[in-house]
């Protein structure tokens, strides 16, 4: 199919504060935690708790964490997402390529409006969540579907996920191999994925199965046996039970069993962000060091050329 400028690819990531300040973080978290896909507590109870308790506490606390990982160009998540979009223009020369965030800026709806204003007739939406979840991908789809209802003349295709896409799996495996070639192999590799409440999975969210599929395929590409890798879930929020095993306590238990050297990669994150750089690369490393063990963080694919090429392939196949 010969794609011209009436075809566009819109990559969508989660979002980020515009600055590592308490005010900016509060604005961002206020939008993020108001999404019923993310927090399903009835608004009558949740909104007062969010605005009177959670945001005043988490705003300053999270701002200090963002400051630790903020780049000169801006938020890592924003910087790398933009670089991916720039790279995609090289692989898709006959497409328009844009990027947006589900929360914060550049806003998803505004990005869609801008593409329509450029006379785009077909848009492929690619949420940068390798593993589908109702809490992430479906939230993007909600916004896109609402926009499509008032813009029926534009054909929109939304990619569900790419948890087992061969090119993506190969790119992740290659990044791990490069790390091993440069630094040597550890005793255990952990695949750490963002967690979500267990009740969400109990209600039918396929996310844990998609994470398991991704981890198993990457491990197979690396010729690892089951004793050489482990899966865990990070970034738990609140007091309810989340997906298990929890990543950090699992590492602690393994360290106490005698394992002293770990590598950790986060295949559920397309680009590095607060959760990978501050929580994992800094936080997990510190707590393991206190237990006499070391952990080396393997960065996300970010704007790795193999990652960009894999995403371009997903977009092209979406219109076949």
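Glycine is treated like the rest: Cβ placed from N, Cα and C.
Now, the feature entries from Swiss-Prot:
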type	residues	note
BINDING	194, 275	Fe cation binding site
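Remark: residue 194 (Fe cation binding site) has 233, 234, 235, 266, 268, 269, 275 as non-local neighbours, by Cβ distance under 8 Å and separation of at least 6 in sequence. DSSP assigns residue 194 (Fe cation binding site) to a strand segment in the three-state reduction.
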